[in-house]
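Please read the structure below before turning to the comments.
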Amino acid sequence: MVKEIPARGTICGKCLPARYILAVLGSIGMAIIYGLKVNLSVAMVAMLNHTAIGNDNVNLSYNKNDNFAKPVEKCQPPDGDTGNYIAILEDGPFDWSGPLQGTLLSCYFWGYLISQIPGARIAEHFSAKWVMLTAVAINVFCTILTPIFTKLHYVGLIFMRVLEGIGGGVTFPAMHCMIAAWSPPNERSVMSTIIYVGTSFGTAVSILMAGFLSDHLGWESIFYVMGGLSCIWMILWIIFVQDNPSQQRFITAEEREMINGSLGQSKEDTKEGHPPTPWKQVLTSIPFWAILIAHCCSNWGWYMFLIEVPFYMKQVLALNVTSNAMASAMPYFPLLIFSIVLGKILDTLKAKEKITTTAARKISTTIASAIPMLCLLILCYIGCRHTWAVAIMTIGIISMGAMFSGFLSNHIDIAPNFAGTLVALTNTVATLPGIIVPIFVGFITKGNQTIAAWRIIFFVTIVLFVIEFVVYMIFGSGEEQPWNKKNQTNDSENTPLRSKQNNS
């Protein structure tokens, strides 16, 4: 049972409603989680002893006139002369093999895989706010301890990364619960996008910071600086965020009534507990399976860009650490703008009844699958044209930002009562690509860090994008499913039961 807290108005007046304070802080929280997850991808380039590994001091033959018809195996740096070039990178302290590098990058997802469903149940039945705070705290402390444990043994790094994955795994379920409790239906796309675009913003900032810090202060500084700065967010989250509008004191009475009214939630509703999950109906729901398949296929492509692009830049395009970081981070800032604008456009069209929720989700998912697919196909044959290659990768990554308004928001549409559990289920299965991708890439490129090897990797990703597009276009739906309403009390049978995950 929850006691309604008196509304005292927002901390920013009417210029920033309480629900958007939640969205901004939620976005920063997701940025921290993803930033601390991806920093190892860049840091590892500076951590490795490339001479000992023996993969990088090689002769890279290049012909500037041979770009498309007969692509070279590797490229020279974009500012180099034609002829022979010896790629020399500064050596770090660790002589990890290619397969071990893949394991170190993928072990994050071991923890990520096991924590999502338990995290979702806790968020729905107890408090999504505190679940999210705990997730960030685990990642911050493990990041700060990473250099110490890594120097002891690579098993120490694995241990830290698994713990970070356990924390990171509960973030999507927790934030889905918050979105379901706070977002009016006609603002759901834009609020979801603002929150989840933080994953891209955090990725970009992390890549840039990691490249700069490793060049100027050493690889250890990446973990100390980024972990330390993230502590500020935890204080803000504790003070300014609550599980639902009824518990928030920094909100106007008008905004609280508008949110609760749009969700069909009355004061009496806040006294009820969370309904039991209809597992059979969930697992036999065709729209749910469409989300799950789209989520899995999209995550393969997303992790390919997120984790492996820095290695493609180094191995094939021969960019140094700083240039690598700049090129890898470049797409994520325009992605932020593109995805928010797209979400706002779709919400506006839905509010004007120009399109349905189903149409909005399918439009977004089409953008997020078809365009990256075409970009990878072009990348397979673009050869050593550095500028074009970076531009094509940029377009592909930006277009994937549409997924935030697509299938990734769809769980809340079909079953707002169980949004946390649904995203935990799909994201748990969709975590498998995060484990497989680094190992797969490490296997394909071991002793064969060439354009031909990366072409195989890109073609596999293209096939999965095609599967995502076809399945979601046929079976996806934005309509609330009947089983979301089955556990309503008799006196509210004709009113959709909305998210009360944090009111038990």
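Positions of Cβ are set from backbone N, Cα and C atoms, glycine also.
Annotated features, as they stand in TrEMBL:
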type	residues	note
TRANSMEM	20-40	transmembrane segment
DOMAIN	42-480	domain 'Major facilitator superfamily (MFS) profile'
TRANSMEM	130-150	transmembrane segment
TRANSMEM	162-182	transmembrane segment
TRANSMEM	194-214	transmembrane segment
TRANSMEM	221-240	transmembrane segment
TRANSMEM	286-305	transmembrane segment
TRANSMEM	317-343	transmembrane segment
TRANSMEM	363-382	transmembrane segment
TRANSMEM	389-412	transmembrane segment
TRANSMEM	418-444	transmembrane segment
TRANSMEM	456-475	transmembrane segment
REGION	483-504	region 'Disordered'
COMPBIAS	484-504	compositional bias 'Polar residues'
Legend entry - Distal contacts, the transmembrane segment (456-475) - CB-CB under 8 A, six or more residues away: 286-287, 289-291, 293-294, 297-298, 300-301, 304, 308, 362, 365-366, 369-370, 372-373, 376-377, 379-380, 406-407, 440-441, 444-445
Legend entry - For the transmembrane segment (221-240), distant same-chain residues with Cβ under 8 A (at least six beyond the ends): 11, 21, 25, 28-29, 32, 35-36, 39, 42-43, 129, 132-133, 136-137, 139-141, 143-144, 146-147, 206, 209-210, 213-214, 250
Legend entry - Mean of the pLDDT scores, which run from 0 to 100, over the domain 'Major facilitator superfamily (MFS) profile' (42-480): 84
